[in-house]
Amino acid sequence: LAVADLNLNNEILETEKITISVEFVDGNNPFQAVQEACELMNRGILALVSSIGCMSAGSLQTLADAMHIPHLFIQRSPAGTPRSACPPTSRVPGTDDYTLMVRPPVYLNEVIMQVVSEYSWQKFILFYDSDFDIRGIEDFLDRTSQQGMDVSLQKVESNINMMITSLFRTMRVEELHRYRDTLRRAVLFMSPATAKAFITEVVETNLVAFDCHWILINEEISDYDLQELVMKSIGRLTLVRQTFPMPQNTTQRCVKHNHRINTSLCDPKNPKAQQLEITNRYIYDTVLLKWHSMASLSCIRKNSKPWQGGKSMLDTVKKFGVSGLTSFLEFTDNGTNPNIFFEILGTNYGEDRGRGLATWDPLHGLNGTLTDRKLENNMRGVVLRVVTVLEEPFVMVSENVLGKPKKYQGFSIDVLDALSNYLGFKYEIYVAPDHKYGSLQPDGQWNGLMGELVFKRADVGLSALTITPERESVVDFTTRYMDYSVGVLLRKAERTVDMFACLAPFDLSLWACIAGTVLLVGILVYLLNWLNPPRLPMGSVSSTTLYNSMWFVYGSFVQQGGEVPYTTLATRMMMGVWWMFALIVISSYTANLAAFLTITRIENSIQSLQDLSKQTELPYGTVLDSAVYDQVRSKAMNPFERDPMYSQMWRMINRTGGGDNNVEESKEGIRKVKYGRFGFVWDAAVLEYVANNDEDCSFYTVSSSAPDRGYGIAMQHGSPYRDIFSQRILELQQNGDMDILKLKWWPKDSPCDLYSSVQTRQRGNALDIHSFAGVFCVLAAGVVLSCLIAMVESWWSRRKGSRDDKEIDLEHLHRRVNSLCTEDESPHKQFSTSSVDLTPLDMDALPAARQALEQISDFRNTHITTTTFIPEQIQTLSRSLSAKAAAGFSAGFGSGGGGGGGLQDHRTGGVGPFRQRAPNGGFFRSPIKTMSSIPYQPTGPGPNFGYGNDPDRGTSI
């Protein structure tokens, strides 16, 4: 093209014409390049123009120096990669250098060092393609190391897709996260074509975020390449390329010797000029240089001589420059082109076109200011579209008026409002169409809330959304604003009505031992009194029978006292030890009874997730295809998981393919727990809120001890708002505002006990009837049993009375009468003021006293009556009784006497049943004795009792 333009311009060459001969050689084959050059010399040439790599250029440079042929070297990098400085060629001392470096020296190291320093980068990764000679950036790496910068190197293979795939296959999740953070700052030394493919791949695989900043440096970046790179990249992109400043006056462009050439290439708006490579621009300008003669040489023969006019041609080319497509082409004395300019273009976050930021040239350095600006905290005017899933207490509908947008409330909404008030943005919120958090489907697509973010229908995802590796591979998460742990919701056991709760303080075996002890001690007391009978005082109504001993021991055990006096030392020792035993037992029972009636014992065995996994009686499950479901499944399938808890839980959750024990929504799982036998495994925070706000307080929760992840706000991958959201969340946590928001939805003074497995009463409540039902049942049973015993005794007494007649225990009567008489003879005998029951033999001779006596028929089926004396009459009656007895006994019970036959016939003729007063005030039957006469000596004559006058009158004591 340059030769054609020159030949068409007669004003430049006048009558001369220029011809060209183009030969294509292998850039890595220096022998071929030298061979082709020699063939051209044989034809005759003005100069040798080469556009090849450094390896072949060195051989051509040696040939040009030997043949004195001007060699204009235009360095071409392979496949459009950035240039690396060619190593210097060794030459014979004293010889001239016939090679001119048309392209300026490589200044990429200086430019990129200035740019990263202006951006204040301290850590970044440097990518280079396979065709780039890494030796070209050795100086740059040395300078960054001296300044303490952390620079990583990575080669970009030709098959970029395979390279990215291997990264995902070989790196663990944690390593992948660190690698993604490293990619936020990167420098690319590669061709525009490789850069476009690489950027496209990393963006599609979500390896880079929206807040990333990449720098692409290459002299060969056209305007077309610039537009495509900006469209394919996300975040911020800075491009460094070589530029050619043109004169403002268009008449001064593309001029040689004041003659303008090729207006099409000199027009910057011409598409052909925009797509022209820099190497070809230099080739065009090289042809426009001054030429004046031609040499015909032979470099194959041994006696070949160099061109004599070569030095003159070289000096002419150096002397005259040209204003062409590369601005102004000229050479210094050392044969280099000093004119090179770089422009630094950049795009801010979200921009779709590049804009000029600064320029650089070797003489003036950087002209402009570069700042690595992050997203500002001021988001005023920004309206975010928020997608959510209803989950108490994170997101709930607070107001739903027909025709108006729904209003929402909850913990996550409070966090979003706090961010909105600080950053100044506004938001529109809507619920995910399928009301799910979202999971990866078999077709590779995401549904639910995650799908809305992946398909960029929403800017922010907010709910009880946990941060998982699978989700973070397709979206960005802020820092966690609340810890997350897995819990299980269970229904509290109903309080069973125990009618015999009063027996709960002691075990059944202990009750049996106490009952046996009462019987044993009663028998021992009876035996001790039988071996050493006590002396009972006058008027004592007690006896030491086995029945009385048992009654006394039982009465002292229940702290009700006793009636049988025990005066022997052995008995008292025995009773003292028994009372001490009874005191300890009763005190322990009372204390333990109070505890049992006020504190409900924990009877449910599920107190941890381990307990839940070990049992199979209670079914449990979670929401199908949820984060909890995936977490349990992944840990159960992990062969390195040492805890078998998750594998046991997975067997229950995945029973029959997961259809039986899993639900579609969390509300369904909560209903199953409340109205059936089911355990719902879900987020512990959600379950605690449900248990706290249950009207019946019928739930309790069990959760894992240590949180292994957290709740975060999801955003589109590469969102520019992630960092400022995360920074503000950290500030809320640091100043305590986040804790205040938590207490609003999870108060410490909860009305329900979240950790008790049974329904318990509040402190201070009165005891109900259920706690004492057993006591009332025992009382009722005692009443019924007493009535039955009374009926049996009454029946037995009537049956016995109809069969037998009166019966007198004469021996006992003899002892009682003698005792009365002996006591009566004592003039100083003082009677007790308490009532005493006595029955005289006959009161016919005491007509005055009979008026103050009360006759009571105690034996309805016999002829025996009792007479009760009041205390004031005792002394008089006892004296009269003594006198009457003296006469009555000799007459009534002697072997003969006047009137005695009738009395004896009456008293002894028909011996029948006879009753005496018992110690407890009742009556008991005296044993039947053989009648015998009483050896009594009368003291004097006495009145004759007329027993025969009233044959129906009887006596009793």
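Just so you know, glycine gets a Cβ as well, placed from its N, Cα and C.
Annotated disulfide bond per TrEMBL: Cys38-Cys299 (among others), in sequence order. Here Cys299 (disulfide bond) comes close to Ala37, Cys38, Met41, Asn42, Leu63, Ala66, Met67: these same-chain residues lie at least six apart in sequence, with C-beta atoms under 8 angstroms from its C-beta.
Here TrEMBL flags 383-748 as domain 'Ionotropic glutamate receptor C-terminal'.
The feature domain 'Ionotropic glutamate receptor L-glutamate and glycine-binding' is assigned by TrEMBL to 393-455. Using DSSP to sort the residues of the domain 'Ionotropic glutamate receptor L-glutamate and glycine-binding' (393-455) gives these counts of helix, strand and coil: 20 helix, 16 strand, 27 coil.
Look at TrEMBL and you will find Thr466, Arg471, Asp683 tagged as L-glutamate binding site. Asp683 (L-glutamate binding site) has a Cβ environment of 24 other Cβ atoms inside 10 Å.
Annotated transmembrane segment per TrEMBL: 508-528 (among others), in sequence order. Tertiary neighbourhood of the transmembrane segment (508-528): same-chain residues 544-546, 549-550, 552-554, 557, 566, 568, 570-571, 574-575, 578, 581, 585, selected by CB-CB distance under 8 Å and a gap of 6+ residues from either end.
Annotation source TrEMBL lists transmembrane segment at 577-599 (among others).
Just so you know, the Cβ of Ile606 (site 'Crucial to convey clamshell closure to channel opening') picks up 20 other Cβ atoms within 10 Å once every protein chain is counted. For Ile606, the entry in TrEMBL reads site 'Crucial to convey clamshell closure to channel opening'.
Look at TrEMBL and you will find Arg633 tagged as site 'Interaction with the cone snail toxin Con-ikot-ikot'.
For Cys697-Cys752 (among others), the entry in TrEMBL reads disulfide bond. With a cut-off of 8 Å between CB atoms and residues at least 6 apart in sequence, the same chain places Ala691, Asn692, Asp694, Cys697, Phe699 near Cys752 (disulfide bond), listed in sequence order.
Residues or ranges marked as transmembrane segment by TrEMBL: 772-796 (among others).
Residues or ranges marked as region 'Disordered' in TrEMBL: 934-957.
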Between the C-alpha atoms of Ile606 (site 'Crucial to convey clamshell closure to channel opening') and Asp683 (L-glutamate binding site), the distance in angstrom, to the nearest integer, is 18
Within 8 Å of the Cβ centroid of Thr466, Arg471, Asp683, the other same-chain residues by Cβ around the recorded L-glutamate site are Tyr437, Ala464, Leu465, Ile467, Thr468, Tyr484, Ala627, Val628, Arg709, Tyr711
For the domain 'Ionotropic glutamate receptor C-terminal' (383-748), the averaged pLDDT of the predicted model is 81
In all the protein chains shown, the tally of other Cβ atoms within 10 Å of the Cβ of Cys38 (disulfide bond) is 16
Residues near Arg633 (site 'Interaction with the cone snail toxin Con-ikot-ikot') by Cβ (under 8 Å) yet at least 6 apart in sequence within the same chain, in sequence order, are Trp650, Asn654
Around the Cβ of Thr466 (L-glutamate binding site), other Cβ atoms found within 10 Å total 23
Same chain, |i - j| six or more, Cβ under 8 Å of Arg471 (L-glutamate binding site); the result in sequence order is Gly438, Met450, Leu465, Phe477, Ala627, Ala714
